[in-house]
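What TrEMBL records for this protein:
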type: SIGNAL; residues: 1-23; note: signal peptide
type: TRANSMEM; residues: 274-296; note: transmembrane segment
type: TRANSMEM; residues: 338-364; note: transmembrane segment
type: TRANSMEM; residues: 370-390; note: transmembrane segment
type: TRANSMEM; residues: 411-431; note: transmembrane segment
type: TRANSMEM; residues: 443-466; note: transmembrane segment
type: TRANSMEM; residues: 487-520; note: transmembrane segment
type: TRANSMEM; residues: 526-554; note: transmembrane segment
type: TRANSMEM; residues: 566-585; note: transmembrane segment
type: TRANSMEM; residues: 597-625; note: transmembrane segment
Amino acid sequence: MAFWRSIAFSALLALLFIHDSHCFYLPGVAPQDFNKGDLLQVKVNKLTSIKTQLPYTYYSLPYCSPPKIQDSAENLGEVLRGDRIENSLYAFKMREPQMCNVVCNRKLDAKTAKEFKEKINDEYRVNMILDNLPLVVPLKRNDQDSTVYQLGFHVGLKGQYSGSKEQKFFIHNHLAFTVKYHRDLQTDSTRIVGFEVKPFSVKHEYEGKWDEKTRLTTCDPHAKHTVLNSNTPQEVEENQEIIFTYDVDFQESDVKWASRWDAYLLMNDDQIHWFSIVNSLMIVLFLSGMVAMIMLRTLYRDISRYNELETQEEAQEETGWKLVHGDVFRPPQNSDLLCVYVGTGVQFFGMLLVTMIFAILGFLSPSNRGGLMTAMLLLWVFMGLFAGYASTRLYKMFKGSEWKKIAFRTAVFFPASVSVIFAVLNTLIWGQKSSGAVPFGTMFALIFLWFGISVPLVFVGSYVGFKKPAIENPVKTNKIPRQIPEQAWYMNPAFSVLIGGILPFGAVFIELFFILTSIWLNQFYYIFGFLFLVFIILIITCAEITVVLCYFQLCSEDYLWWWRSYLTSGSSALYLFLYATFYFFTKLEITKLVSAVLYFGYMLIASYAFFVVTGTIGFYACFWFTRLIYSSVKID
């Protein structure tokens with residue numbers, strides 16, 4: 001669990017957003033053909049737990065290991081996720097079933113017994129990979145005739161012997177693998193389309209002294225005696241001898257290679273997702289009706305009336321939003337900071353949009369492990385060009401002249417804030433000796449991406465933006481600021497800002513549940529069609545609620561709309577964080593303090609990023625709206 005939870009989440013990020021589109025496969029994820037007898041090498045990945053959210057390498061436990069442990073090449077996304085893919089002693093031959101293969105035996109001392117017990121108590125799962133397919137445990141649903149798959153198998157389990165109340169720990173030391181394959185009838189070559197396991201805990205027995213040729217009495221292929229249950233489990237205690245064994249069976253399947261991920265990605269909650277879409281659309285229709293009423297009736301009437309005023313007496317009796325035309329484009333307080341936030345929001349928005357387009361097209365298939373994180377990080381870096389352009393264009397409109405200062409702040413402000421939180425979280429992960437801690441080499445790569453690519457691109461965008469002619473306001477700004485009349489209680493800035501965030505959050509919170517589940521409960525999330533629809537609805541909702549509240553604000557002769565428009569839709573991030581807190585206490589079983597700190601740290605980063613994105617959407621909607629209405633009236 002590492003940096004990218006922050007940013008994978010930062011999108012929430014991808015916040016939020018995109019149905020199972022049929023994906024195609026890219027070079028490097030191409031099918032591999034196997035003939036009968038070909039060697040199949042199983043690789044091991046990290047140990048994961050939804051109780052601690054701290055991944056560990058497979059060999060952090062005293063499992064059977066090869067003479068030389070070799071790390072597979074991992075991309076940036078895999079490293080940030082805590083993946084550590086290594087070789088193992090589990091090896092099969094294609095379409096040649098095996099029974100009771102002995103991997104090794106281990107005698108536990110106090111230290112190793114304690115390590116196994118801790119991982120069993122924290123419900124850690126072992127993850128393995130064959131031909132790029134993750135190992136799954138098939139489970140039959142009681143309520144319907146269907147199978148669901150859980151990623152990886154538990155290290156072990158807790159229980160009591162019959163007639164005893166003392167809790168014991170038992171290890172899964174016998175694995176019954178099933179490799180499913182699709183056979184080409186013409187060439188007789190095969191492709192792997194499934195990798196399943198049923199774990200058992202078995203106290204193996206043998207006669208005489210142990211050596212490499214010892215035959216087990218509890219699992220003997222010669223006597224056709226195999227493991228079918230865990231009735232005599234292997235206990236984890238000091239001085240216990242544990243023998244690790246496995247079976248492998250091969251089953252022909254009608255599933256073709258291109259569809260082999262369908263079982264992993266199968267979502268049985270389509271109705272809930274459609275309910276989410278309908279719920280969001282209702283909110284959008286409600287807001288669209290209000291906007292239509294304002295734009296087509298109220299605004300049209302206002303503009304017609306204002307343009308028909310002929311006498312000075314009538315002009316002096318102006319009321320409503322036209323009255324503040326001389327102040328509405330007055331630069332706000334902390335305008336530099338607003339420019340920085342807007343630029344950062346543009347950077348995030350571009351990253352999310354392009355990421356979802358790639359995901360819908362199938363470029364970010366889960367078979368490309370770590371691809372989503374890598375893509376988001378690289379896109380964030382390259383979108384710095386647009387961040388610099390957007391922030392400097394706004395800065396120049398505010399009559400600013402020090403564009404380099406704004407460029408530097410835009411390039412550094414948000415990443416620095418996130419880096420501080422990330423550094424604290426990464427230190428905690430290091431303290432737990434977890435594989436989720438980002439190595440120094442990867443840290444250096446991240447710093448290089450930031451300062452070596454992102455920062456220069458922000459400066460390039462800023463330079464281009466500053467060279468453009470300044471954006472001209474449709475009306476002139478008075479030299480002396482107008483006094484703002486006392487506002488009604490419901491137009492209080494804090495109240496209206498908090499109200500404004502409810503509807504954007506309401507449009508996405510159902511889909512948010514599935515995103516949180518995929519991140520924190522180690523499930524696949526690949527319904528990018530739904531996610532993209534929700535993203536579009538979020539954009540519309542943020543824009544419309546901001547325009548509506550901005551109109552009410554201007555009508556009450558309050559012209560301080562710049563920051564208010566950003567905070568109105570951005571306040572939905574507050575509700576996101578509150579929902580994440582609710583999710584933590586109702587859906588997760590995290591008990592360790594370090595794990596809780598990690599959860600809230602990453603969710604804080606995600607909520608901050610969500611604030612930047614939604615705030616920028618609302619700001620630009622209100623910016624367009626005010627320029628539109630004030631350019632439509634005659635100002636003497």
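Don't overthink the numbers, they just go from 1 along the chain as shown.
Each Cβ is built from the backbone N, Cα and C atoms, and glycine gets one as well.
The stretches the transmembrane segment (443-466) and the transmembrane segment (370-390) meet in space: the count of Cβ pairs below 8 angstroms, excluding pairs fewer than 6 apart in sequence, reaches at least three. As a quick check, the transmembrane segment (526-554) and the transmembrane segment (411-431) miss the bar of 3 or more Cβ pairs under 8 A, pairs 6 or more apart, so the two do not touch. Note on the transmembrane segment (566-585): residues 12, 338, 341-342, 496-498, 500-502, 504-505, 509, 512-513, 516, 542-543, 545-546, 549-550, 596, 599-600, 603-604, 606-608, 610-612, 614-619, 621 of its chain, located 6 or more positions outside it, place their CB under 8 angstroms from a CB of the stretch.
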